[in-house]
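Student: One structure, as structure tokens, below. Some questions next.
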Amino acid sequence: MLNLGVYVFAGVLCAAECSCGKNHFTCAVSAFGECTCIPSQWQCDGDNDCGDHSDEDGCILPTCSPLDFHCENGKCIRRSWLCDGDNDCEDDSDEQDCPPRECEEDEFHCQNGYCIRSLWFCDGDNDCGDNSDEQCDKRKCSDKEFRCSDGSCIAEHWFCDGDSDCKDGSDEENCPSEAMVSTCSVEEFQCAYGRCILDIYHCDGDDDCGDWSDESDCSSHQPCRSAEFMCSSGMCINAGWRCDGEYDCDDQSDERNCSSSMCMADQFRCLVGRCVRLSWRCDGEDDCSDGSDEEGCEKTESPPCAPDQFLCGNGRCIGQRKVCNDVKDCEDGTDEQPHQDCRSRSSEENCNENNGGCAQKCLMTRGMVQCSCHTGYTLTLDGKGCRDVDECADEGYCSQGCTNIEGGFQCWCVQGYELRPDKRSCKALGPEPVLLFANRIDIRQVLPHRSEYTLLLSDLENAIALDFHHSEALVFWSDVTLDRIMRASLNGSNAEEIVSTGLESPGGLAIDWIQNKLYWTDSGTSRIEVSNLDGTHRKVLLWRGMEKPRAIALHPIEGKIYWTDWGNLPRIEYASMDGSNRKTIADTHLFWPNGLTIDYASNRMYWVDAKHHVIERADLDGKNRKAVISQGLPHPFAITVFEDSLYWTDWHTKSINSANKFTGKNQEVIRNKLHFPMDIHTLHPQRQPAGGRNRCGSNNGGCSHLCLPNNKSFTCACPTGFKKVDHYNCAQSLDKFLLFARRTDIRRISFDTEDELDDVIPLSGIRNAVALDWDMHERFIYWTDVTTDSINRASWDGSRQEVVVETSLESPAGLAIDWITHKLYWTDAGTDRIEVSNTDGSMRTVLIWENLDRPRDIVVDPIGGFMYWTDWGASPKIERAGMDASGRSVIISSNLTWPNGLAIDYSTDRLYWADASLKNIEFGNFDGTGRQVLIGSNLPHPFGLTLHEDRIYWTDWQSKSIQSADKLTGLARKTLTENLENLMDIHMFHNNRRTVHSPCLVNNGGCSHLCLLAPAPKSWSCACPTGINLQADGMTCAHAMTSFLIFARRTDIRMISLDIPYYADVVLSVNASMKNTIAIGVDAVEGKVYWSDSTLKKISRANINGTEHEDVVLTGLMTTDGLAVDSLGRKLYWTDAGTKRIEVSNLNGSMRKVLVWQNLESPRAIALFHEMGYMYWTDWGEHAKLERSSLDGSDRVVLINNNLGWPNGLAVDKTSSQLLWADAHTERIEASDLNGGNRHTLVSPVQHPYGLTLLGQHMYWTDWQTRSVHRADKLNGENAIVVRSNLPGLMDIQALDRSTSLGVNKCGRRNGGCSHLCLPRYNATTCACPTGILLKPDGRSCDGLPETFLLFSNRVSLRRISLDTQDHTDVFVPVPELHNVISLDYDSVDRKLYYTDVSLDVIRRVNLDGSGMETVISQGLKTTDGLAVDWVARNMYWTDTGRNTIEVAHLDGTARKVLVNNSLDEPRAIAVFPSKGFLFWTDWGHIAKIERAFLDGSDRKVLINTDLGWPNGLTLDYDTRRIFWVDAHLDRIESSDLNGKLRQILISPVSHPFALTQSKAVYSSLTPLFRISQQDRWIYWTDWQTKSIQRVDKHTGRSRETVLANLEGLMDIIVVSPQRQSVSGYVPLAPEKDTTGTQTPRKQATERPNKSLPGANCTDLNGLDCYQNNVVSAPRDESPHISYVIGGALSILAILILIAAFFIYRHKKFKFADPGMSNLTYSNPSYRTSTQEVKIEAAQKPLMNNPLRYKKEVPGAVDVGYTTEKIRIVEGVCLLSGEEDLYWEDLRQLKIQCRGAGLHTCMRTDTVSLQTSSASLNDGETEQLLQGEQSECSSISTTVTHSHHHITEHPDTGWGRHRQPSTESQV
């Protein structure tokens, strides 16, 4: 018999590489990487030979008992278990081919017959087991999402962003090859992968980029801690990981230059070079990964065999059934006799007798009886009997709870879960689970069982830790770059900071969802803290013995907190949630414990170890610890658990992974190619189960601040530093605390408690705090910031924070508070000054400005009236002076190097100081005598110093600590806190400062401004704010500066007084924002300063003291580089390099006019000479020059155009008749006479001069390069000095001496007789009008508006361009509240502008002066792209692209109705043709088209639907009867006739036209025909691409011109001109002013035809139609002729007769009406449409006075097709229109004499119903009909005349001519 053996050998990590010999079976790889081989015949023999049943898995046993069912996998189960809904076979074969089970109404029927909850359908989980519940339609992506190739949806902006956000990577396919390279700003640092972070985070020791690239190549790193190693990249790791054979640094620098003896004494060095703990040697685990730590170990006991295996003598294991089978299965035969007591087998034994002796199942194998058991049982040791198997002992057999029963088991679930159909796993009740994870730059959500992937929060800096509060719908996260903890709603809205101070590296975050608390870890501060959910009542909970706390998890139900610490002694700990009962639960075999999570259903914890590459689990007390996954984990970071799955993030693979939480199997990548996956949580209600009891109850446990739970009850706790006053309440404030600065924060150490914990005061914006002080009266703390150069203050608790002083500071290093008179003193080492102000920063003045060299600290003694300061310049010293700067003296000048901190001991009258170079602390008397060294050793670098009671406290830079000692002896030294970088000033805050009486407290000492303390006997003195002199009385200050410089500095305006002996700049305290203030001017009369801001694009003014600020020019500015105030002429001049114009206005910005606009490239500086009537300006375009013109823009001449580069500053020296300018390119300041002659250089070189001004004998200029204001003699440039330095952003400068008298205003008398602008010239003045308006022939007065102009919108503004003048300057129409204006139209009757705003979804109207704005349509609008006004019928029409409708309403918005709402895709432009009753619109939907319909929406026709792309704008030429439109896709402008025929391209290409309009000829009897054709020739359009308004000849397509350029967002455009909306006989005239000053419209009656065209016929005259009824207005001073009066009376009489005749006729006609007559309805704006209509067309021909005509059928005549007639009565006027095919070409054949008649407006809107026969109405009937319908058409006057030839002549009806602007046609 062959001796079959079992052998084991050390395998590798992949089972595929295990190989057994021939005739052997390979068992599964063990957890230790071992491979086991058994004989092949042992496979599927029912015996567990491998020990893990892998040799029996998937085997089909020969037979099952007749009472059992044979599963497909070979398993035997009871037949009674068939089709019972349970998967007993574990392969579902017992539930197949079962009769269908009836599911309940709330259940889903699976294809395999299972029934599951309906809610589980399509929830991402395979609940049925056959995935039939997840066969769902893919979700449709929204408009803002991108659909991946696998059907999932991601955010649209993730497409081609460099990250593979789709699971299949399809979002990064087919992207442009040239990736956009992100450029960071000058204040940012670019990470290696392109991301931008703030530059202040570069080399700060934190991994802000995520790849440590911001910490590489840094010359000075923040040093790592003593037990850490700093990688080359700046990363800090455990020092024990250095040279341990594993790369822990991201740049692998920890393994460079290693020797073989780098392991520490308590470590073992592996063969691969790695170091492991010595205690791990020979512990049975392969910790080295090469097995070297387990080699050479003494042989220990053989590994135990499985319970159903036999242990051979040689240590091997075989199946229990192979014992005593007469085969030596053990190699040493110990499984048979004589080693075993084997009973001899009887050959008669078989299963037919007594079941072979088996208790349950018997089968014959190789002629022998083989017993086996039913499922749920196992064989006893005798091989015959069966005993119950405890399935619950096998971990993972049930998801949660397990109860063992005889022969089986029963699984159950905890509250909130439900057993799945497999009866073993539990499913969480509630919504579908979502994985919420931080990705550094954003927070995202992913569904674990689907491909759904969404963005929750974006644009984050460095999000690391996160957690959520499900019931409050909040998400919390920490940002280790910003050092903030934030929160937001779970929908991504309402993001806010809740903890913003005192954080260094908040790496862990956890939410107590029961007591509503926030816990976090901070490895930088080595603390665990807690607060309310909003960040209030913050408390340090645990800090002692902490090193690097990282992950944190809460169990609020048990009242416990768990955390990991990966310091030098890595461990996992827990404590009660109030910080008590702290215990360590794991501290072995831990390296880098990162993530931590709790499985609340099973009361277990899971954690990941990034260095050990393992996921482990244990009970909550640390017992039953076990590795779940120990392979394939490169760098796990965070972990979460849900149901039976673990989910974790991995830094190395940048992925989210999952696996079974029991076995670690079924590993799956949920998402990969992520940015930087960090923390992860499962967002689901069951992850925050609601079963726990709120120990604090509804009243916060009665606690005043924090109520923190523990394992039994709760504890009332106070915020850090606050003491408890009783068991429940905390103090409301701190009585005494040590205040100290730490550059980026200000902290306190409370002396009210014994903890001595430093607590950050919640302040914002601190960049580099240095000096400190405090005021006990208002409980303010004050500090200086040498980065922001400011002095700030806030309440002791961080509230009421404000900037006190923020200007003219360069390095404020010292600060002191006079708590008696409430003054603030400070030193400035940059300006070398000592200054003082009130504590709120007001009344600031310079005290000492001479002989200072880097003053540092300052202290004041209000008791004695002295101030003391240190100076560590070239001659270090300590000085003192009175607090009013009197009696200055040096008290210490020897043995000093870096005298830093100063402190006064008021009890002993001593002065203490610290010297950082001598490394000592000394003291002496106030006069410098009695000097002694207090502490002279162990002081590496003392900085701040303070005293309180009997102790002295100081900060030390080098030891990073705060220490104290006895103030008298220097003994009893104590360290209060350490490991604090950048320690600065220090003070003790208390309420016991000594107070004394001061004269300044009584009526301010009689001083008008500042009252300052002084030493006795003087005691006090008065002082004035900087720049203002104290008057002779010694008490009162002057009102203001008399002589001063004023200059712009981009973000502020400053003044330098020339009245005082020193130069100090003072900020103009204007309550207004300044972004880029460039030019500046001063009005010497009113004392106002004017400035331009090229970013805010406005010109503003204010008084010199900063009051009465107002904006004077707000529109039409781009880059206003030059500004000049004509103080004599009361005018404001400016240059604009963006618009290339020079303009003028009144000082308040009114009557604005463009003076120069041609041949300007880049006008810059401007200077005025009012007395001579000249203005001068520089232009530094391509051909730089210096020019001059009169102040009205005339007489322009170039003075200098050679050897100029960048002529910036410009000034006129009136006394010496010189012109001076500064050139930044030639680096010279030059001068010439006023004509440009006698040119010479004054100063050279000057580095980069900008502004230039003159005062007295000096010239002053600003310089960009030197950042200074300079001065020199104006005649020769000598004696140059620097007035003020260190002033970045210097721009324009002006000088003013208000004591100098001004000249005479040339326009001073009655404004020079001008109605608007009076502008001086040489020896004369000129009257001028605002931009676009022509001066009247009288040469003095102006109209209010141009006669003809363009109106256009650019989304946020409405503007006009006059066509009367040549400058084409756009003028803003002052309409408020514009957001996104798209479409415009104008009604000349009421002179109203109508417009649509698609942001507000409204239609509004307004007067052209911006007044009278009203909303006419405010509801039911989506995207109103088109708007048209029917000025005749008084209606407006609009298109709504969002609703795909065309609507109409009265002009006031009433009677609104939808006209067209079908077959519209994207209707855009719309236009009306009232005289023909037509409505036209464009539609650029899927099938672009241009359509037409009647004004009531009927008779709709598609005119053009071919060769169209995006038909945007639309306009009508009413004279030539053509349609013009622009096509933004085909890039052209086209036209056609009104039927869409005769189509032709006017111009192509045009880049992206949007809207267009056309000019209309201004007809007048005096206008020559050629002039008319010139005015009528243009088509205007707006273009998005070129950002311009252009025009072209509409007849030829030539003469293309740009009217206006460089305008963003151009939209609609219309032409407003006389006659554009006129109709014959009625012309809306300009409103007249009534006695009350309001405008009232008036009508002008039609007059006789002009005698210049007597008897003109309306026939074709040389291609031009005649003027019919030419109207000439009578002069206003003429009275009506008597003949008109008589004629009028006779006309009235005739009308009355005709009316009577009409009623008689109508009565007879109705009386004898034919029964066959039809009842016809004729539509008006009630929008009801007639079914049988007679149309009598009212058409218009050019040069005809719009006659209203109709054709009557003559009895017996030939039918010419005009018998069917219709009268269309429209609101506002009765329009008689013919059939569509009745054109004036047909009517011309009638040769009808032109005659005049009047038809007045129809003011009613009711539908007119007329009964008529099929025959046409004759003239008389028509007249009677119109007269009879008084309800519709009142005041109708018609004159009927018959010719001698009996041809029916058409009544000639017209309306008076209108001279008001309009936008559409003549009817």
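Here the Cβ of each residue, glycine as well, is placed from N, Cα and C on the backbone.
Automated prediction, rather than curation, is the source of TrEMBL annotations.
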Student: Return the single candidate from C263, C270, C305, C312 listed in TrEMBL as disulfide-linked to C288.
Tutor: C270
Student: What residues, ordered by sequence, lie under 8 A Cβ-to-Cβ from C249 (disulfide bond) and sit at least six positions away in the same chain?
Tutor: C231, S232, S233, M235, I237, E255
Student: Which bits of the chain, at least 6 residues beyond where the repeat 'LDL-receptor class B' (1173-1216) starts or stops, bring a Cβ under 8 A of a Cβ in it?
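Tutor: Long-range Cβ neighbours of the repeat 'LDL-receptor class B' (1173-1216): 1122, 1124, 1126, 1129, 1131, 1133, 1135, 1142, 1144, 1155-1156, 1160-1167, 1222-1226, 1229, 1231-1232, 1234-1236, 1239, 1249-1254, 1259, 1261-1262, 1274-1275, 1292-1293, 1306, 1319-1324, 1326, 1328.
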Student: Which whole-number value in Å describes the distance between the Cα atoms of C83 (disulfide bond) and C128 (disulfide bond)?
Tutor: 15
Student: Would you kindly give the Cα-Cα distance separating C282 (disulfide bond) and C209 (disulfide bond), rounded to the nearest Å?
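Tutor: C209 (disulfide bond) and C282 (disulfide bond) have their Cα atoms 42 Å apart.
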Student: Would you list, in sequence order, the disulfide-bonded residues among C98, C110, C128, C191, C243, C258 whose CA lies within 10 Å of the CA of C297 (disulfide bond)?
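Tutor: Within 10 Å of C297 (disulfide bond): none of them.
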Student: Cβ under 8 Å to the repeat 'LDL-receptor class B' (779-821), counting only same-chain residues 6 or more beyond its ends: which ones?
Tutor: 501, 733-734, 739, 741, 746, 761-773, 827-831, 837, 839-841, 844, 855-860, 862, 867, 869-870, 883, 902, 985, 989, 993, 995-996, 998, 1000-1001, 1011-1013, 1052, 1054, 1064-1067, 1286
Student: Quick one: of the disulfide-bonded residues C98, C148, C263, which has its CA closest to the CA of C76 (disulfide bond)?
Tutor: C98
Student: Neighbour count, 10 Å Cβ-Cβ cut-off, for C263 (disulfide bond): what number do you get?
Tutor: 20
Student: For the repeat 'LDL-receptor class B' (516-558), what are the DSSP-based totals of helix, strand and coil residues?
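Tutor: Helix, strand and coil residues of the repeat 'LDL-receptor class B' (516-558) number 0 helix, 23 strand, 20 coil.
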Student: Over the repeat 'LDL-receptor class B' (603-645), work out the mean pLDDT and round it to an integer.
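Tutor: Reported value for the repeat 'LDL-receptor class B' (603-645) is a mean pLDDT of 92.
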Student: Cβ under 8 Å to the repeat 'LDL-receptor class B' (473-515), counting only same-chain residues 6 or more beyond its ends: which ones?
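Tutor: Same-chain contacts beyond the flanks: 197, 201, 206-208, 436, 438, 443, 455-457, 460-467, 521-525, 531, 533-535, 538, 549-554, 556-557, 561, 563, 577, 596, 679, 683, 688, 692-696, 707-709, 745, 747, 759-764, 798.
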Student: By CA-CA distance, flag whichever of C110, C128, C191 among the disulfide-bonded residues is nearest to C275 (disulfide bond).
Tutor: C191
Student: Rank the disulfide-bonded residues C128, C231, C275, C282, C330 by the number of other Cβ atoms within 10 Å of each Cβ, and give the residue at the low end.
Tutor: C282
Student: Run through the Cβ atoms and count how many others sit within 10 Å of the one on C243 (disulfide bond).
Tutor: 21
Student: Provide the three-state DSSP residue tally for the repeat 'LDL-receptor class B' (1217-1258): helix first, then strand, then coil.
Tutor: 0 helix, 24 strand, 18 coil
Student: Using only C-alpha positions, which one of C191, C263, C305, C317 is spatially nearest C282 (disulfide bond)? These are the disulfide-bonded residues in the record.
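Tutor: The answer is C263.
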Student: Cα distance, C317 (disulfide bond) to C44 (disulfide bond), nearest Å?
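Tutor: For C44 (disulfide bond) versus C317 (disulfide bond), the Cα atoms are 17 Å apart.
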